[in-house]
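K.L.:
First the structure, which I've put down as structure tokens, then a few questions once you've had a look.
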Amino acid sequence: MAAPQGGYPPQEGYGQPGDYGSPTQQQPGVVAGAAHQGHAGGKKKRAYAGEAFGFGSGANAALGGQPPAGGSYGVYPPQPQAAGYQQPVYGADPHQMNAAAPGYATPASPGVAQMTQQFGAMGMTDPHLMPPQPQQAAVTPQAPRPVPLNQLYPTDLLTQPFNVAELDYPPPPIVLPPGTSVYPSPQANCPPTYVRSTLNAVPTTHSLLKKSKLPFALVIQPYAALHDAEDPIQVIPDQVISRCRRCRSYINPFVTFMDHGHRWRCNMCNLTNDVPQAFDWDSALQKPADRSLRPDLNHAVVEFVAPQEYMVRPPQPLVYLFLIDVSYASVTNGLLATSARCIKESLDRIPNADRRTRLGFIAVDSSLHYFSIPRDGSENSDPRMLVVSDLEEPFLPIPGDLLVTLSECRENIETFLDKLQEMFQNTQNNGCAMGSALRAGYKLISPVGGKMTVLSSSLPNIGHGALTMREDKKVLGTSKESSLLQTANSFYKSFAVECSKAQVSVDMFLFSSQYQDVASLSNLPRYTGGQTYFYPGWNAARPEDAIKFAREFSEYLSSEIGLEAVLRVRATTGLRMNTFYGNFFNRSSDLCAFPAFPRDQAYVVEVAIDETVTKPVVCLQTAVLHTTCNGERRIRVLTLALPTTQNLADVYASADQQAIATYFSHKAVERALSSGLEPAREALQAKAVELLSTYRKELAGGSVSGGGLQFPANLRGLPVLFLALIKNLGLRKSAQIPTDMRSAALCLLSTLPLPLLMQYIYPKMYSLHDMPDNAGLPDEQTGEIVLPPPVNLSSERIVPYGLYLIDDGQTQFLWVGRDAVPQLLLDVFGLADRTQLRVGKQNLPELDNDFNQRVRAVIEKSRDHRSKGVGSIVVPHLYVVKEDGEPGLRLWAQTMLVEDRADQSVSLVQWMGSLREKV
């Protein structure tokens, strides 16, 4: 049923009668013409109540200058322009919006002032605070300098506060001198999807870097998706790999050719090298090739197929060894049955192109249960179970049949998985010898290497690596809490290093409803290139829990991982890789070892400037040597070129706030684990103060200019991201956070790819009841679902009749206001009465109305990792939260509103005030 054009008759207490949305009842500041445009669509609309302002000041109004069209879903009265919540107008059309806040028209210094004023008058603002533009856009010269870098735009954080939409802008552009690359390819420099630098203009000296107080680090995410098909890059199959004789860098788009193209000069160390004879020969067509078309000279991201000399041993098969907890806890919560069924249903998805993939299974309670699975077509197709009770020195009964080839034993593996649950369905065994099982598994697969996948619902309580219940509620929130975040048993670190040396990687899937010591167990993935996946209070009896795990585990099994991998970063002479952060084992000063290379993690590398850089451009090259799932040795090379500068203003104007926040997220986790939570939080606050003070002293002329807080526009979100990090589950001060939840959060803070990490620190909130007409529908050009504009995470942005989606990438909350109108509840949930609305984990019903379909499309699109350019297996739970409903759930959802005051933490206004005082 379509609503009448003017919306429904106003409910008691919502809005006044009158011409709903007519130009006479305008919201101040929205031009009458804009009001008419809203109805010009001619489509009939639903309207879910609202004060009688036709357009406007709803959460979605001030962004990009588009008023929500039509009788929007409930709009709320104009926001008071309180300090700290004024909405800057980004690149808005001046005809549509009042020009109350013209961009960044605050005079900076006499030279810049005039230009900034002109930008403001033209409705333009900082070029990289505009909607995303192509990365390599030409930059027009602004001053007589060799190559003008990014312009510094000062803003006042108190009067022009951060807007969440800025987190969707690209980083400051990398401005290279013309002719830097050997061929003018648009793909010559590494896109930010794969590598981001905290500084897109690099100081030439250590002293300038030190003076800036900014970190110089790379955020490296070598893969943009779990599957090759979704992350197509140039592969060079001819095995002609030209490398510098001295520094071992790979040839790349930034080298220079000399001697009529017979030699090339390395852009890292300046050595002249010979071009290999086969470099200009097309081996497939057996004829000379055009060098200017070679992918390694045109693309910053390439993958070489490696010849024999890049192998320590022949490529090994892909091996998955499943260590499954079959104790009482794991049988009763349904983990055993669900994981067996999920492995069986995913057998076709496990990478097996070369038909060499091998699987093995060990069941674990107080004993170890090995399974010998015969080949398909054997006389006896039944799997045999062999039980070993000696946990100190677990031996391998018959190593031959314990790891079986998937292609040869497919049917019998299915038979075994069908029977596995029955074997243990009546167990009363509470023991869990997972440490001993890991040792046994290591013995089994260490000759070939591979993955050990642990599925457990219990604390390992006997055998090797036994742990005790050490969580103490009285310690939570005190300085002693930090000890609970450290490893309780040295076995987990020393064994992890052994695994790394034998090319064995460990992944943990943990499901306990009791304390499970994630802090200790997560060391195994941390040092072996694995990951810890945590499902607190999981129970297969809840369909949402079972489906979430099944979808994630199936994605995990299907992901194409690299094996026997090493990562190294090389750079221009004068730069040195200093510290590496992430899940791997640091084998030597500059080599990171990964028994398996995952596709859903990022790494941070800190760069030191050891000697003065004399070149106008520096290059940093990441290389990942690995074996693909189908047994091919390859090298993925990512080359990033950055301009250098001797000017502090350039360094600040080209700093990438999201890469900086990622670097400090890793630093904060390291600090929390070594010194404690309080020192980690204090270090973040001290850093925010230090950066603001440095900027004020060095670049804002030391003035306090009327009590403001000056910072460049491109870094305006940094103080907010620091506050959000301090308030994150992993770091925030609270006596209510179970240690396992905190440890799992710290794992995420130190492994998530940058786009997901930003969302985990500063979640996305979308206002759904008044979303623009195109939101939740496919974009005409791209076909992608359009999301509503995001809203800042403050309760001031939430109205009592609203419907909001809050999503941190791990969990989604659908917030239903206490005054939501019946029509909204009917359209979204299919319920006539608010009292029938059940809260908690659920999926929205699929109803036959366009608003329900659009809301579901927005929820699904918000979960879409591919559009963010990252790989991830996570499918967040959706929790429905009523504003006046279950208090625990409501408080949990409210912890996402990081700009509010909560528990023992300050609001954004208080935080900015305290920074202002300290600066």
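If you go along the chain as it appears here, the first residue is 1 and each next one adds 1.
Glycine is treated like the rest: Cβ placed from N, Cα and C.
According to Swiss-Prot, the record shows the following:
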- 1-38: compositional bias 'Low complexity' (COMPBIAS)
- 1-45: region 'Disordered' (REGION)
- CYS244, CYS247, CYS266, CYS269: Zn(2+) binding site (BINDING)
- 244-269: region 'Zinc finger-like' (REGION)
K.L.:
I need the neighbours of the Zn(2+) site defined by CYS244, CYS247, CYS266, CYS269. Which other residues of that chain put their C-beta within 8 angstroms of the C-beta centroid, in sequence order?
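P.N.:
Other same-chain residues with Cβ inside the cutoff are ARG245, ARG246, ARG248, SER249, ASN267, MET268, ASN270, LEU271, ASN273, ARG570.
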K.L.:
Within the region 'Zinc finger-like' (244-269), count helix residues (DSSP H, G, I), strand residues (E, B) and coil residues, in that order.
P.N.:
3 helix, 7 strand, 16 coil
K.L.:
Within the region 'Zinc finger-like' (244-269) only, compute the mean pLDDT.
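P.N.:
The average pLDDT of the model in the region 'Zinc finger-like' (244-269) works out to 97.
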K.L.:
I'd like to know which of these binding-site residues, CYS244, CYS247, CYS266, is least surrounded, judged by other CB atoms within 10 A.
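P.N.:
CYS247, out of the binding-site residues CYS244, CYS247, CYS266, has the fewest neighbouring Cβ atoms within 10 Å.
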K.L.:
Can you tell me how many other Cβ atoms are located within 10 Å of the Cβ belonging to CYS269 (Zn(2+) binding site)?
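P.N.:
Excluding its own Cβ, CYS269 (Zn(2+) binding site) sees 17 Cβ atoms within 10 Å.
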